[in-house]
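Q: Have a look at this one before I ask anything.
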């Protein structure tokens with residue numbers, strides 16, 4: 001399921017993030033790439049252990065925690081600490097599939113995170129740069145994504161995708177992965193659609209007795225499928 005989620009960041013949060021990132025020290029983005037994807041990757045990235053990356057990542061996680069749409073669509077069990085990249089001067093990232101497992105060393109040790117869901121949070125105004133579209137190959141064909149600053153897109157971690165060359169300005173974004181309680185993308189889509197329908201029915205016909213039954217169906221399916 002490819003899903004844009006608008007306004008994950010407020011204007012104040014976006015301004016704070018950009019102020020931090022504008023003065024940050026960027027490094028070669030290939031530091032987090034696997035062997036194959038490193039050959040296709042050309043961008044700049046904040047080192048994961050930098051103070052700016054940790055502070056900015058914490059802000060993003062706080063924003064995600066307030067997004068009911070993100071939670072409903074992803075049903076996250078673990079979220080890999082958010083990372084930040086920048087493309088400019090013709091930089092791009094060729095077609096690749098994200099590593100199946102990432103190792104979170106932010107708390108000491110190395111906690112495995114299965115990358116069920118990939119996410120990109122756009123931090124640059126789309127009018128401030130040319131190119132930089134996130135191109136995703138999914139079940140319904142090729143999707144090109146270039147969203148307003150503060151908007152998020154999520155898509156299955158199994159997807160073949162690329163970032164087109166940025167020929168003017170700079171494209172700054174946050175990216176991360178989530179391990180869902182539901183490994184299967186079709187199950188995630190089904191529960192998301194059911195949750196959205198329940199919410200709409202609650203608004204349109206509050207107190208309808210069928211809502212209790214539908215909510216029970218949702219939770220019983222989650223109980224049957226969830227890996228927690």
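Here the Cβ of each residue, glycine as well, is placed from N, Cα and C on the backbone.
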Q: For the Fe cation site that Swiss-Prot lists with 96, 98, give the additional residue from the candidates 161, 208.
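A: It is 161, as the record lists it for that site.
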Q: On the DSSP side of things, how many residues of the domain 'Fe2OG dioxygenase' (78-180) fall into helix, strand and coil, could you say?
A: 3 helix, 62 strand, 38 coil
Q: Across all protein chains in the structure, which of the binding-site residues 96, 161, 171 has the highest Cβ count within 10 Å?
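A: Of 96, 161, 171, the one with the most crowded Cβ is 171.
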Q: May I ask which of the binding-site residues 96, 98, 161 is closest to residue 171 (2-oxoglutarate binding site) if we compare their C-alpha atoms?
A: 161
